[in-house]
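TrEMBL annotations:
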- Cys45: active site, nucleophile (ACT_SITE)
- 45-293: domain 'Glutamine amidotransferase type-2' (DOMAIN)
- Cys312, Cys458, Cys516, Cys519: [4Fe-4S] cluster binding site (BINDING)
- Ser359, Asp421, Asp422: Mg(2+) binding site (BINDING)
Amino acid sequence: MNPSTTTKSKSVCTDQLQREKVFPQKNYKQIQPEGENVTGLTCECGVFGAIACGEWPTQIDIGQVVCLGLVALQHRGQESAGIVTSTGKTSKNFSVHKGMGMINNLFNDDTMKKLKGNLGIGHNRYSTSAASEMVNCQPFVVHTAHGALAIAHNGELVNCESLRKEVLERGVGLSTHSDSELIAQSLCCAPLDISEHDGPNWPARIRHFMTLAPLSYSLVVMHKDKIYAVRDTYGNRPLCIGKIVPIGLGAGKPDVAPAEGYVVSSESCGFLSIGARYVRELEPGEIVEFTRNGFRTVDIVERPDYKRMAFCIFEYVYFARADSIFEGQMVYSARLQCGRQLARESPLDADIVSSVPESGTAAAHGFARESNLPFAEVLCKNRYVGRTFIQPSTRLRQLGVAKKFGALAENVEGKRIVLIDDSIVRGNTIGPIIKLLRDAGAKEVHIRIASPPLLYPCYMGINIPTREELIGNKLNPEQLAKHVGADSLAYLSVEGLVKAVQVNKAQCNPSKSGYCTACLTGDYPGGLPEDLSW
């Protein structure tokens, strides 16, 4: 397999035997930067929206707020980004700027001056179902009979082909293979059973789309003077609301402060930096309308009674920033509990506990506390590593980890080390790290992974490699330990992971709780995806 071509296969899973079958692979090319050695998972996308309250024009620089929100969500996508703003006065056009690359390279003083308005939405992208090209940058803007409509999407539609056929049969042309454009065009077509004598009924159109596409998506949709925030009925992708408060509020309670505006975001991690406070998450299936007067729930689309919520559990493990809040708890505390649970399941006698920075640090602290072992840093991360376009020899390629990490020899020499990481995907980085520690004098190196082995691909917006590339399908823990040169290796169990992320979560109705563990178990929340002809 060409390493520059990433494909996502799909797993048939009605029982344990069927889960071993592999779906046909999608026939698209995933562009990777030249010379970049992809070793782990690739994130999905980040969506963000902001609207000012009170009199318009607002004194809040909405374009800057959206831009800073996207900076906070940069970890969710680094291929492209875009911002669309509106004055709220006309539905004919929006101010738009988007392109390939990182936020800081795309938006400068000149571009921000053009993004004036009272409301706006933004998007960070990592491509999943369409190539990494300018034409697929979001937010998508389409011009409807009722004016311009902008949409930003996090996730991936599991029934993309059937929805595409329906849109095409209505005479609508599509310019890309992106399911995000497909959503936009779907919303442009009013369902036949909806009366729109007084103008477009966007909540009804959104509801109709949601009945056609069960998952996976979080959306922000902007039309003239309103923003709609939408979360799929399974709650698979995250989305939350924040309140822009007066600058002098400090740590005061946001519910008693006047609202200067509202934001909606894939994660809450950037709220404090833009003067906002976390309010709540959107419920699965909820459609929230934001106007200059505040926000309100305009509809909730229910999923089937026999289906449970399926929040992506890898948001806790891997994707989200540690200071984000899901289910009433900070992601950092959930990762800490994963480390504690891992120590209970796979204890051992050692001198120190450490982590692969920074991904495994929270879990390593939890492991250390539960084991009554000291935590010590053993790896020093080089924060200025660029892409290596030329690797002049096999020896230097094998030492590639050296450009990313250094070993703290004084903490390592003669020690029995427990090294914690959040996950192992292909398994091609942990071996060089172990060798680095042994070369620095480590007596023993035991690997503990704060998540279960990845065994199945994801078709809901996460670019997990194919089954053939996932090391968990090739080697069991004992074999993998020998393969990477560790003294032992153990994973957190699926049951242990679910238990860990529930320790500090807010109390809720059990029927409104649940996690997608498809990449770990092959149990996909929406059942089998359709046989897509990509």
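Even glycines carry a Cβ here, placed using N, Cα and C.
Shown here: features listed in TrEMBL, placed on the structure.
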{"residue": "Cys45", "record": "active site, nucleophile", "CB count, 10 Å": "27"}
{"residue": "Cys312", "record": "[4Fe-4S] cluster binding site", "CB count, 10 Å": "29"}
{"residue": "Ser359", "record": "Mg(2+) binding site", "CB count, 10 Å": "19"}
{"residue": "Asp421", "record": "Mg(2+) binding site", "CB count, 10 Å": "22"}
{"residue": "Asp422", "record": "Mg(2+) binding site", "CB count, 10 Å": "26"}
{"residue": "Cys458", "record": "[4Fe-4S] cluster binding site", "CB count, 10 Å": "23"}
{"residue": "Cys516", "record": "[4Fe-4S] cluster binding site", "CB count, 10 Å": "28"}
{"residue": "Cys519", "record": "[4Fe-4S] cluster binding site", "CB count, 10 Å": "27"}
Cα-to-Cα gap, Cys519 ([4Fe-4S] cluster binding site) vs Asp422 (Mg(2+) binding site), nearest whole Å: 15
Pairwise CA distance, Cys312 ([4Fe-4S] cluster binding site) versus Asp421 (Mg(2+) binding site), rounded so that it is a whole Å: 19
Reported mean pLDDT - the domain 'Glutamine amidotransferase type-2' (45-293): 91
Output field, [4Fe-4S] cluster shell: CB within 8 Å of site CB centroid, site Cys312, Cys458, Cys516, Cys519 dropped: Asn236, Ile313, Phe314, Met460, Ile462, Ile464, Thr517, Ala518
C-alpha spacing of Cys458 ([4Fe-4S] cluster binding site) relative to Asp421 (Mg(2+) binding site), in angstrom: 21
Residues flanking the Mg(2+) site, with Cβ no more than 8 Å from the Cβ centroid of Ser359, Asp421, Asp422 and excluding those residues themselves: Tyr318, Ser355, Val356, Gly360, Ala363, Ile420, Ser423, Ile449, Ala450
